[in-house]
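Under the heading leucine amide, Swiss-Prot lists Leu59, citing experimental evidence as support. Sequence annotations record features per position, and here Swiss-Prot assigns repeat 'AXPX 1' to 31-34 based on a curator's inference. Positions annotated as repeat 'AXPX 2' by Swiss-Prot: 35-38. The repeat 'AXPX 3' annotation in Swiss-Prot covers 41-44. Annotated signal peptide per Swiss-Prot: 1-25, in sequence order.
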Amino acid sequence: MKNTILILFTAFIALLGFFGMSAEALADLKADPLAGPNPDADPEAINLKAIAALAKKLLG
């Protein structure tokens, strides 16, 4: 059960990250696609490392 929840949570975060990156790439046409997200372009960007750390802490 714990593994199923972790897999679903990880998939959900991955989808959020994918669509967030796509929206940012469309908004900033001059951005380098290999440079990663630009925190200045999206002040409400999801901090995936913090979410992953929280999930790891909560789930063991």
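Cβ atoms here come from the backbone N, Cα and C positions, even for glycine.
Note that this is a predicted model, so its numbers are computed, not measured.
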Point to revise | Nonlocal neighbours by CB distance (under 8 Å) for Leu59 (leucine amide), same chain, sequence gap 6 or more | key: Lys2, Ile5, Leu6
Review point. The repeat 'AXPX 3' (41-44): mean pLDDT?
Key: 59
